[in-house]
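Accompanying notes for the structure given below.
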Amino acid sequence: MFHYKSISQVVKLFAMSSPNITYISNFYSQEESIEMFTKLSKCPFKQPINKVWGKSYRPLRKSCSYGDMDLEYEYSGHCELALPWNRTMFKIKSDVEKKTGFEYNFVLLNFYESGHAKIGAHKDDEPSLDQTVDIATLSFGVCRDTIFSKKGCKSVRQALEAGSLLLMHDQKEWTHAIPPQPCVKEARISLTFRRVWSSLQQILDEMERDYSIPPCKRLRRE
Ligand SMILES: O=C(O)CCC(=O)C(=O)O
């Protein structure tokens, strides 16, 4: 017979051994996804120069970003300066916010021209990211897989279909990647919505830490 305690331990163990994600397959209909893919293909994608472990490289993947005014996001030694929201991007952002209940101020777009373009295993854990807000990934174009991995756990593979929305809740323990799929010949565009601290907020946070301002005197984030 199971005791309540042992069941809750099993539930906890299971939660630790699987990535904390929610996948919604038809967030946008097929027709909407095709229309959006066409619009999004016209975004000013550029091949960034990334730096990992001191080495610079140009990934095959191209990217661009939109966000609130003067917002910058630094990752892989590369700084993305957000373009101002346009009508399409603002509409998509509102749809995602309605579904998730979170407010986003930044979106990173990735353009994978074919299955040769990829993104290595990584965590979106930059200090400039608000970790209490789920990262929301929309996919358009060809279906690609994502792989979640954690040491000692079985990897989880999830197909990201056109029009789908993937929510990553608390990903401190798991990495995610878009592996190469050379047999895939068509393009995919992903949009990852995030909440980024502004540089001013980061300075205030550092001051709080450095001068040990008691919590009651701290400025609230919002
Ligand atoms: O394209 C994707 O689905 C993932 C993108 C990603 O992991 C990232 O931009 O950090």
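Please read every residue number as a count from 1 along the shown chain.
Even glycines carry a Cβ here, placed using N, Cα and C.
Remember, TrEMBL labels are computer predictions, not curated facts.
Within D125, D134, the residue that TrEMBL lists together with Y73, E74, Y75 for binding substrate is D125.
R188 (2-oxoglutarate binding site) sits 24 Å from D125 (substrate binding site), taking the CA atoms of both as reference points.
Burial estimate for the binding-site residues (Y73, Y75): highest at Y73, by number of other CB atoms within 10 Å.
Across the domain 'Fe2OG dioxygenase' (103-197), the model assigns an average pLDDT of 95. Across the residues the record lists as binding 2-oxoglutarate (N110, Y112, H122, H176, R188, T192, R194), the two Cα atoms farthest apart are 20 Å from each other.
Using CA atoms as reference points, the binding-site residues Y73, E74, Y75 were checked against H122 (2-oxoglutarate binding site), and the closest is Y75.
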